[in-house]
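Taking it in order: structure first as structure tokens, then the write-up.
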Amino acid sequence: MKMTIDNISEKKGVPEGIWTKCKKCDYILLQKDFEENLMVCPKCGYCTRLSARKRIEFTVDKGSFKEMDEAIQPVNFLCFPGYSDKIKKSEMSDAVVTGEAKINGYSVVIAVMDFEFMGGSMGSVVGEKIVRAIEKALKKKRHVIIISASGGARMQEGTISLMQMGKTSAALAKLADNRLAFISILTDPTTGGVAASYAMLGDINIAEPKALIGFAGPRVIEQTIRQQLSEEFQRSEFLEKHGMVDIVVERKNIRDVLTKALTFFYNRQCFLKF
């Protein structure tokens, strides 16, 4: 008999939630061990998608995160069918969480996208919160970290969502003019208008292993060119090989790499070598 989470629990009388299964390879392990490994499968290395709150928890120094602009809410200004209901049903205000934090003592402004809110899509609130985060960084002379996880621009907001591409990119240009760094972390997936704007504009572009990164998805490209793409196409390792990503970093090592980068950007007295 094939072992599943259900029959393991039935046989041993184990309460629900004790076991979990990798979505990629079906490997079964204890939920506690899975969480301690930062939701990465120890067998195949698959990086399970994380909520913005969970990612902040293991990325920044404990107790250092101070959220900003959490009260901003999306509005269905186009009266798009079903959009208002989706907003009301969600427990989140929108697809990004922003705030000030410290990473190994270095002060930063951080924005983390959450794929659980409408596929991490970028609408007016996402664009506004990211721009406000950058403006806060400019005011306080802090470097910026954005962790992306998004399917692209939010269709329910039409051209207003597309406008956020230029809006966020312009804000990052101001950051660069003031000699402040932007570190971009690309997670699975980072696609569409987010990939075509701020996500790929980092002074350092870091990606998690096997993350899907690109504008159009592989299925759309295959249907357009009528050719089958390789499995590695648009994955982070492929982009690193072709110069679009600076470094692919395992989730457990993200803090160490960010510390090295921040040491370089704040002190300017060392060579940056990963």
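One-based numbering along the chain as shown.
Keep in mind that glycine also has a Cβ here, set from the backbone N, Cα and C atoms.
The Zn(2+) binding site feature in Swiss-Prot is assigned to Cys22, Cys25, Cys41, Cys44; the stated evidence is sequence analysis. Counting only residues at least six positions away in the same chain, the Cβ atoms of Cys22, Lys24, Cys25, Tyr27, Leu29, Phe34, Thr48 sit under 8 Å from the Cβ of Cys41 (Zn(2+) binding site). DSSP assigns Cys41 (Zn(2+) binding site) to coil in the three-state reduction, placing it in neither a helix nor a strand.
Here Swiss-Prot flags 18-274 as domain 'CoA carboxyltransferase N-terminal', drawing on sequence analysis.
Annotation source Swiss-Prot lists zinc finger at 22-44.
Other than Cys22, Cys25, Cys41, Cys44, the residues of this chain whose Cβ falls within 8 Å of the Cβ centroid of the Zn(2+) site are, in sequence order, Lys23, Lys24, Asp26, Tyr27, Pro42, Lys43, Gly45, Tyr46. Of all Cβ atoms in the protein chains displayed, 19 besides its own lie within 10 Å of the Cβ of Cys22 (Zn(2+) binding site). The Cβ of Cys44 (Zn(2+) binding site) lies under 8 Å from the Cβ of Cys22, Lys24, Cys25, Tyr27, each of which sits 6+ residues away along the same chain.
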